[in-house]
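Summarising the annotation, Swiss-Prot assigns CoA binding site to Val33, Ser34, Ala35, Lys78, Arg86, Asn200. According to Swiss-Prot, the feature Zn(2+) 1 binding site maps to His37, His39, Glu98, an assignment based on similarity to another entry. Annotation comment: Swiss-Prot describes Arg92 as phosphate binding site, evidence class similarity to another entry. Under the heading Zn(2+) 2 binding site, Swiss-Prot lists His146, His148, His193.
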Amino acid sequence: MEDNQIELITRMVLNVLQEKQSGKTGFAVPVGVSARHLHLTQDHVEQLFGKGYELTKKKDLMGGQFAANETVTIVGLKLRAIENVRILGPVRKASQVEVSATDAIKLGVKIPIRESGNIKGSAPIAVVGPKGAIYLDEGCIIAKRHIHMSPTDASTAGVKDGDIVSVKVDDERETVFHQVQIRVDSSFTLEMHIDTDEANAAKITCGQIVTIL
C-alpha cells in the first residue's frame, strides 16, 4: 500500500474517533433568527389597544403561534425606547418581552438570559400601545437559544426534551454554539432559534443548516 493511501486511511480513522469522542450526532437543523418580540395577556392587549380588542394575524408560526399585525413600543428604565416591536399570538397567561443583548444596552436595562416562560425575577419593562401603556415589574428576557423538535426528530437525533447540546455552524466563521436547549413537542417543526445578535456574530441567515455535535 502506498504511503499516501496509508496517510489518508489514518486521517479518516482519526476523524471518526474524534467525532465519537465529542458525541457528534451529525443531525442537521435549519436555523430561524428571532427578532425582538413580545407575548401578551388578553388583559394587557385591551389595555394597550382598547377594550374588547383582539390580535389580528399577519403570519402563522409553528406550534399554533402567529405573528400579529400589531406592534408596540417598549421603554426601559432610563426612558430609552424601541419602537415597532411585534406581538406574537395567541394571548398567554403572562406577558413576556424578548429582546437581544444589543437591545438591552439600548434600553439601559440589565436583562437576564432565560428560557422562554421563565420570567420570575426578570427585568422590568414598560410597553406602550395606541390606547394605553402597561408596566411589567418582571417579564423582559433575552431568550436562551434552543432547538424545536418533534418527538420523531428527537428520536432520530438521539436527544430528549430538556437536553443541552452544542451546535456547529460550518461557514467562514466556523462558530460553535454551546448551551443549546432541546425543546420537544408534537406541534413543533424542526428549527434552531437564535436571536439577531447571535446570527450576526456567526454570519447566519434564516434557513441555514447547522449540525448538532
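Heads up, the Cβ atoms here are built off N, Cα and C, so glycines get one too.
Feature map: annotations from Swiss-Prot on the structure.
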residue: Val33; record: CoA binding site; Cβ neighbours (10 Å): 18
residue: Ser34; record: CoA binding site; Cβ neighbours (10 Å): 18
residue: Ala35; record: CoA binding site; Cβ neighbours (10 Å): 14
residue: His37; record: Zn(2+) 1 binding site; Cβ neighbours (10 Å): 17
residue: His39; record: Zn(2+) 1 binding site; Cβ neighbours (10 Å): 22
residue: Arg86; record: CoA binding site; Cβ neighbours (10 Å): 16
residue: Arg92; record: phosphate binding site; Cβ neighbours (10 Å): 16
residue: Glu98; record: Zn(2+) 1 binding site; Cβ neighbours (10 Å): 22
residue: His193; record: Zn(2+) 2 binding site; Cβ neighbours (10 Å): 20
residue: Asn200; record: CoA binding site; Cβ neighbours (10 Å): 13
Neighbours of Arg92 (phosphate binding site) among the binding-site residues Ala35, Glu98, His146, His193, Asn200 (Cα to Cα, within 10 Å):
none
Long-range Cβ list for His146 (Zn(2+) 2 binding site), cut-off under 8 Å, min separation 6+ in sequence, same chain only, gives Glu115, Ser116, Val180, Gln181, Ile182, Arg183, Met192, His193
Residue among binding-site residues Lys78, His148 with least C-beta crowding, 10 angstrom cut-off:
Lys78
Within 10 Å of His39 (Zn(2+) 1 binding site), Cα to Cα, which of the binding-site residues Val33, Arg86, His148 are there?
Arg86
Note on Zn(2+) 2: the CB centroid of His146, His148, His193 has further same-chain residues inside 8 Å, namely Gly32, Arg145, Ile147, Gln181, Arg183, Glu191, Met192
State the three-class DSSP label for His193 (Zn(2+) 2 binding site), counting H, G and I as helix, E and B as strand, and everything else as coil.
strand
Assigned conformation of Asn200 (CoA binding site) - DSSP reduced to three states
helix
Quick check: with His37, His39, Glu98 left out, which same-chain residues have Cβ atoms within 8 Å of the centroid of the Zn(2+) 1 site Cβ atoms?
Arg36, Leu38, Ile87, Leu88, Gln96, Val97, Ser116, Ala143
Can you tell me how far the Cα of Glu98 (Zn(2+) 1 binding site) sits from the Cα of Ala35 (CoA binding site), in Å?
8
To the nearest Å, how far is the Cα of Val33 (CoA binding site) from the Cα of His148 (Zn(2+) 2 binding site)?
13
CA-CA within 10 A of His37 (Zn(2+) 1 binding site), subset of binding-site residues Lys78, Arg86, His148, Asn200 in residue order, equals Arg86
